[in-house]
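> So TrEMBL lists these for the protein:
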| type | residues | note |
| --- | --- | --- |
| REGION | 1-32 | region 'Disordered' |
| DOMAIN | 38-492 | domain 'Amino acid permease/ SLC12A' |
| TRANSMEM | 39-57 | transmembrane segment |
| TRANSMEM | 63-85 | transmembrane segment |
| TRANSMEM | 147-165 | transmembrane segment |
| TRANSMEM | 172-194 | transmembrane segment |
| TRANSMEM | 230-251 | transmembrane segment |
| TRANSMEM | 271-291 | transmembrane segment |
| TRANSMEM | 367-386 | transmembrane segment |
| TRANSMEM | 393-417 | transmembrane segment |
| TRANSMEM | 442-464 | transmembrane segment |
Amino acid sequence: MHEYSPLPTTATDNEIIDSGGSPDRGDGGTKRSLHERHLSMIALAGMIGTGLFLSSGKALAQAGPLGCVLGFLLMGSVTASIALISAEMSAFKPVGGGFVRHATMWIDRSAGIVAGWNFWYSMAITMPAEVSAAVTLLGFWNPNQNVAIPILVLWLSITAINLAPVKFYGEFEFYFAFCKIAFIVAFIFSGMLLDAGILTGEGRIGFRYWSSPFPLFREYALQGWKGKIAGFWSTMIAAAFAYGNVQIVAIAGAETRNPRKAIPAALKKTFLRVVMFYVLSIFVISLLVPASDPRLTYGERITQSPFVIAFTRAGIKGIPSAFNAAILTSAVSSANACTFLASRTLHGLALDGNAPHIFLSLNRYHIPYMAVLVSSAWGIVALLSLNSDAMQVFVWLVSVVTTAGLVSWIIICIAYLRFFNALQKQGISRDELPYKSPYQPFLTYFALVMNVLVVLTSGWLSFLDIFSVSSFLHNYLNCILVPLGYAVCKYARQETLVPLEGIDIKTELELIQHEAENENTKPITQDSTYDRILSSAF
């Protein structure tokens, strides 16, 4: 077996050629034109999606009010842990492709190849899924629409946004995030008023659905205490998918001004946002809707959203239309973010020599346009929804990546532990890093164990009573393909793990010190009045 050898110098050469050593360019020549306010709002926008607005109702029905709130809170702590881990790694090494390239540097090249292509596919195929969801939501207002037209409009619009200057993408996500935040804040406040009886004047609801005869923990699939534990754990699984790709901040951060400060500044607030927007929303829903309401388990149409049910139970009309608009915003924003993540992952793979060189190509806006075009080409899959037979193929294409997000989180944890151990092995203090996440390495072990448990139990229902092959593959296919792909790649490449003493940390520390010494000599970039006002507000 061959010993470890350093990666080819593609990334470094490309950085010298394309950026000319300029601090406003990322590796590979991408332009660092996003502001910290963009990154801060993207951190939130990437997490608030259809999982919260639609799937949370089913979680409430399965776990009960307290079980659902605790499940979202516990999985929220895992999400925050991943955010802090990513912040430390990306503040130290803010590279295009984010954790995918960290895996290549700190685990081995096989890990980077498998993690990168798996994450690219999962994001690329999720984009048409979100576009299809958005078109379905448009059907709420026009059931007889020709769905091919809105699919094409959304697909081409998302492609255009991702081919434009990255700041344009940042502005788009900034305002969509603002709309989603405003919507959730409005829901929480109006929900509290409704619970207090102020909004309708029909009496206080209070904790009516948290007390007898409504159980705090509901039984799910099994009887007795086992059923209550199963209900609680099913919420953990639902919450894991609802929280989404928090690593988008680390990947977008590579194209942000002063990423060593901007990335941790955005990601450190993740837990507070999780509590404020996710957990508090779930809590308000549990006050207004009993977990036994049959509409929670009917499906994922807008009228089954717990946000809608909460107000329709009170006889308030017009709410479904407003909520449909909010969920539509989330679906479009998510599709846009998926294309961004996929394109930057493909570009990052190419920088490490793990994808064809053509994906290094940049347009005049310093956007990896070939990576964008190939990633967005998957949008044509959304047209499969027009044919009932082809729709089944679409469902299977998406099902391959059901647990891909959690698998990526596991890889992030492993990469961080390798980085952490390399620092210790080389006698380097974490105090020298631009950002040092708290409670390490225990925080990473906590996130790693929790993610592994959630992945292993994601399809436990397929083993109940009669074994379901379809359910098993839906939940575990990605978990099988990733380690299998890694083993095949390791065997084909005949490579060993990057030795801890071979992980290059000192070069980056020297660069960090050089940046600090030249901080005051950098040319001051003059922001527009528009940017200054928004940056001071957000």
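Every residue gets a Cβ built from N, Cα and C, even glycine.
Please treat TrEMBL annotations as automatic predictions, because they have not gone through curation.
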> Could you tell me what the rest of the chain brings near the transmembrane segment (39-57), counting residues at least six beyond its ends with Cβ under 8 Å?
68, 72, 79, 83, 130, 133, 170, 173-174, 176-178, 180-181, 184, 238, 241-246, 248-249, 252-253, 256, 262-263, 265-267, 269-270, 273-274, 277-278, 281-282, 285, 289, 295-297, 300, 304-307, 309, 323, 326-327, 330-331, 333-334, 337, 538
> In the same chain, which residue numbers or ranges, 6 or more beyond the ends of the transmembrane segment (230-251), come under 8 angstroms Cβ to Cβ?
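Contacts of the transmembrane segment (230-251) (Cβ under 8 Å, skipping residues fewer than 6 from its ends): 39, 42-43, 46-49, 51-52, 55-56, 58-59, 62-64, 67-68, 70-72, 74-76, 78-79, 82-83, 86-87, 89-90, 94, 96-99, 123, 217-222, 263, 266-267, 270, 274, 278, 334, 337, 340-341, 344-345, 405-406, 408, 412, 451, 454, 457-458, 460.
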> At a threshold of under 8 Å on Cβ distances, which of 172-194, 271-291, 393-417, 442-464 pairs most often with the transmembrane segment (367-386)?
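Highest pair count goes to 393-417.
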> May I ask which of the stretches 63-85, 147-165, 172-194, 393-417 has the most CB pairs under 8 A with the transmembrane segment (271-291)?
63-85
> Counting only residues 6+ away from its ends, which parts of the chain sit with a Cβ under 8 Å from the transmembrane segment (393-417)?
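Sequence-distant neighbours of the transmembrane segment (393-417): 78, 82, 85-86, 88-89, 99, 102-103, 106-107, 111, 115, 118-119, 121-122, 125-126, 128-129, 132, 240-241, 244-245, 247, 381-382, 384-385, 441, 444-445, 447-448, 451-452, 454-455, 458, 473-479, 481-482.
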